[in-house]
C-alpha cells in the first residue's frame, strides 16, 4: 500500500498539493478574489432555490421558470441579487476560516488514514470527508448570520415574509425582534445541513477523483508522464459533478427545513419549530415537499462544486511555494 501511495505521489505532484506546500499569503489573497467572482456568478441560482423552498401550495409561482419571470418582471436583474452585498462582505473571513480548517484537517487525517493502511480511495474519502465536516462547522459561526439576512432578503414579497429596506435594515429589525439569537435562527439545522453536506461532498470528491486517476493508470504505472493542466481540470471537474449529485440527494430535505426555519413565521409566536416546519411541509406537498428545490440545488451544487473545486485546485497550484 505504501508503495502505491509513493507511486501516485510521484505521478501526481501537481494534483495532490497539501497544506505544507502552500504560500499562505498568496493562497488567501488570490483565493478571496477568485471565490468572490464565483459567488457573484452563481448567486441567482441560490435565490431561485430559496424561493422555491418557501413558496406556498397556493402560490401562482411554483416553478423555477415562473419565479425567474416574476422576479425579472417585478424587480429586474437586481432581484436576482437580493442579499448579495452582505454575503460577499462576509465571504472573505468565512472562506479563510473554511480553507484553513479544510487543509489542516485533511493533512492530519490523511496521515492517520495512511498509517492505518486503508485503500487509497477510502483514505481520501475519510480525510476529505472529515476535513469538510470540521471546516464547515468552524465557518458556520460566521456564515449563519449572513445566511439568515441574505435569505430573508431573497424571499421578500412572498407570503409570510417581512419587508426590509436593505441589509442594514434587516439586521436592525432582526435584532430588535429576536436579539442576537435572531441572527442564528436555524443554526442547529444549518450545522446539520451544511456540515454533513460538506462532509459528503468532500468525501465523494476525494474518493471519486482518486478512482478516476487510478482508472487512468496513475498510481499503478511508473511510465506515465505527470498529467497536463487540461487533464487535471477534467478529472477534478468530473469529481465535482459526482460530489454534487451525491450530496444534493443526501441533504436537500435538511436544507429545505433549515431555509423555512430561517425565513418563515410560525403560527403563534413567530418562531416555528422543526416539528412545525416538518408538519407544514408534509401538509402542503406530502413527503415530496422535502425535495422542493432539488433540481436548482443539484444544479447549484454541481455548478458551484465544479467551479469551486477546479478554481480551488488551480489556486493551490498557483500558491505552491516558489522553492518547489
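Each position is counted from 1, following the chain as shown.
Keep in mind that glycine also has a Cβ here, set from the backbone N, Cα and C atoms.
Residues or ranges marked as repeat 'Solcar' in TrEMBL: 25-108 (among others).
Here TrEMBL flags 27-45 as transmembrane segment.
Among the features that TrEMBL reports, repeat 'Solcar' is placed at 123-211 (among others).
For the repeat 'Solcar' (231-318), the DSSP-based tally of helix, strand and coil residues reads 76 helix, 0 strand, 12 coil. As annotated by TrEMBL, repeat 'Solcar' applies to 231-318 (among others).
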**Request:** State the mean pLDDT for the repeat 'Solcar' (123-211).
**Result:** 84
**Complete:** Spatial neighbours of the transmembrane segment (27-45) not adjacent in sequence (6+ beyond its ends, CB under 8 Å) are 80-81, 84, 87-88, 91-92, 95-96, 99, 296, 299-300, 303-304, 307-308, 311-312, 315-316, 318-319
